[in-house]
Amino acid sequence: MLIFITGGVRSGKSTFAEKLAIEKAKNSPLHYIATSKRNDIEMEERIMRHKQRRIESGVHWQTWEMEKGLANLHTEIENNRVVLLDCLTTLLNNELFGLTEEGEFHFLGEKERKRLFDSLIGALHTLQLDRVLIVVSNELFYDVPVKDETTFIYTAMLGMLHQKIVQLADEAYVCENGIPIQMK
């Protein structure tokens, strides 16, 4: 089963996703795929808030810190489990942008982006087989139109991922102001 949840920054999507995961788990083990990099104080605080919320939920979460490379994770997680990936936006950023060994900025070319798209969709599809997979992402499409090509390509690719995931999903939600709205 595949469930997709999107919403703006601080819209309540992660809180909703965690509650939904607990509900779907029915006391079976929960898995949390964390995609954020600890690159500044604000992100460190957000990570700590998310961890604290999971601790306070009263259930055990097996956490997988995966900034990149979901392709083989399905071999580590047993069937009949609930898996929460938070979040696709950050995962795409981590995969698409990076530094070379020389420390220079690197952005994937067109062929690499196509392979990345197929790889991400394939990994998500495989993870949801015999499991409940909940994917959280950010809704970036209401923002001011982007002017630079790199950001345009990133948002376009994220939009294509959203569309494909929703097409494959059993359920899809958008969160606004802490209120989840089921769209599919």
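Every residue, even glycine, has its Cβ placed from backbone N, Cα and C.
Quick look at what TrEMBL lists:
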- 7-14, 34-36, 51-54, Glu65, Asp86: GTP binding site (BINDING)
- His50: active site, GMP-histidine intermediate (ACT_SITE)
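Recorded features from TrEMBL, shown on the structure.
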{"residue": "Gly7", "record": "GTP binding site", "DSSP class": "strand"}
{"residue": "Lys13", "record": "GTP binding site", "DSSP class": "helix"}
{"residue": "Thr35", "record": "GTP binding site", "DSSP class": "coil"}
{"residue": "His50", "record": "active site, GMP-histidine intermediate", "DSSP class": "helix"}
{"residue": "Glu65", "record": "GTP binding site", "DSSP class": "strand"}
* Asked: Hey, how far is Thr35 (GTP binding site) from the residue listed as 'active site, GMP-histidine intermediate', Cα to Cα, in Å?
  -> 12
* To do: Please determine which of the binding-site residues listed here (Thr35, Gln52) has the lowest count of neighbouring CB atoms within 10 Å.
  => Gln52
* Around Glu65 (GTP binding site), how many other CB atoms lie within 10 A of its CB? -> 12
* Which Cβ among the recorded positions (Gly7, Arg10, Lys13, His50) has the fewest C-beta neighbours inside 10 Å? -> Arg10
* What is the separation, in Å, between the Cα atoms of Lys13 (GTP binding site) and the residue listed as 'active site, GMP-histidine intermediate'? -> 12
* Alpha-carbon spacing, the residue listed as 'active site, GMP-histidine intermediate' to Arg10 (GTP binding site), which is rounded to whole Å -> 12
